[in-house]
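See below for the structure under consideration.
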Amino acid sequence: MNICNREGDPCAEMAMVCLTDFEEYAKEHLSKATWDYYAAGADECCTRDDNLLAYKRIRLRPRILRDVSVSDTRTTVQGTEISFPVGIAPTAFHCLAWHEGEVATARATEALNTCYIASTYSTCSVEEIAAAAPNGYRWFQLYVYRDRKLSEQIVHRVEGLGYKALVLTVDVPYTGKRRNDIRNQFKLPPHLKVKNFDGVFQETGGPEEYGIPANTLDPSISWKDVYWLQSITRLPVIIKGILTKEDAELAVEHGVQGIIVSNHGGRQLDGGPASIDALSEIVETVQGRIEVYLDGGIRTGSDVLKALALGAKCVFIGRPAVWGLAYKGEEGVREVLQILNDEFRLSMALSGCRNVAEINRNLIQFSKL
């Protein structure tokens, strides 16, 4: 992606101005199978695409003459201050995008003083991630496995390493059908593995699904497993993958500390709502009893502003972090986060908000359908 001027001067690197610049770079430079894996949605990708389109249906109602000479983007999540309300969502296999993988992501997030949710399916171990960014604010995303001991062991590891919350992903009793992964027969290259389970699974030669033996995930997972998880840890439990007010109410009743409104980047059930469209009913139901977060479709600072105006405490980005990695590792992820921070600050000011406390539902005008 170099652009040369006509006088034959050395090529200048193209300026990365917005998140789609990183997307284009990643698409051009990653292998087809890797790009397809990250980009995949389930089935016809309706929900994946609607995650982005939904933001464009939401209009802002800016207030003017509000003295926005000083602005403050700081907020708190689970009582910890972060520099702005955008964290890194759990995404798998960062080493496919950049050789240092999750270690680079962790350093970038630490440098910007925000929250990194490390994925179970990391190509670096939870220990390596903690060592790379010792002062970083980190949560850990987990699944419940048929062998509960596997889940239990990893919970105790992350608790001992200073991870501050557990994010239980609840929308994967089975893996969604991602057509291009099937066509490409997607597999981790031999030099990479799901590091957190290194040596746990015997080489059976049996079918694999995304780096671990097929049928490892437990489709019988239910609300009682939330109680089970709480019984083995002192960490706050946050549930990721709720899209309805009914499940939000059940989450509160089961004593969880937070909800991430998420459709798994459109990679699980196709035909469900865009996450931003599911947010309002969940916020209304929760009524401030626990914190509500969101992931899916955040590409600009004004997307962040819209999500906060509709009641999200913080948002998380998935694919854009991977694009940043593909561009320039740690530095690329830092740039992606910095661009979102700058855009969010500008959108806030242009809407008349000096700090996140001033962002509320009055900022939103739904377009007439």
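Every residue gets a Cβ built from N, Cα and C, even glycine.
These come from TrEMBL:
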ACT_SITE  HIS264  active site, proton acceptor
BINDING   TYR37, TYR143, ARG178, HIS264, ARG267  glyoxylate binding site
BINDING   90-92, SER119, GLN141, THR169, LYS240, SER262, 295-299, 318-319  FMN binding site
DOMAIN    11-369  domain 'FMN hydroxy acid dehydrogenase'
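Residues listed for glyoxylate, TYR37, TYR143, ARG178, HIS264, ARG267, cover a largest CA to CA span of 20 Å. Non-local contacts of GLY297 (FMN binding site) by the CB criterion (under 8 A, 6+ apart in sequence, same chain) comprise ASN51, LEU52, ALA54, TYR55, ALA274, SER275, ILE276, ASP303. Using a 10 Å radius centred on the Cβ of ARG319 (FMN binding site) and all shown protein chains, the other Cβ atoms total 21. If you compare Cα positions, ARG178 (glyoxylate binding site) sits closest to HIS264 out of the recorded positions LYS240, HIS264, ARG299, ARG319.
Taken together, the residues in the domain 'FMN hydroxy acid dehydrogenase' (11-369) have a mean pLDDT of 96 on the 0 to 100 scale. Among the recorded positions ALA92, LYS240, HIS264, ARG299, the residue whose Cα lies closest in space to that of TYR143 (glyoxylate binding site) is LYS240.
For TYR37 (glyoxylate binding site), the nearest of the recorded positions by C-alpha distance turns out to be ARG319; the candidates were LYS240, HIS264, ASP295, ARG319.
Listed recorded positions: ARG178, LYS240, HIS264, ARG267, ARG299. The one with the lowest count of other Cβ atoms within 10 Å of its Cβ is ARG299. If you measure from the Cα atom of HIS264 (active site, proton acceptor) to that of ASP295 (FMN binding site), you get 8 Å. On its own chain, GLN141 (FMN binding site) has PRO90, ILE117, ALA118, SER119, THR120, LEU166, VAL167, LEU168, THR169, LYS240 as residues at least 6 apart in sequence with a Cβ closer than 8 Å to its own Cβ. Remark: ASP295 (FMN binding site) has ALA89, LYS240, ILE260, VAL261, SER262, GLY265, SER275, VAL315, PHE316, ILE317, GLY318 as non-local neighbours, by Cβ distance under 8 Å and separation of at least 6 in sequence.
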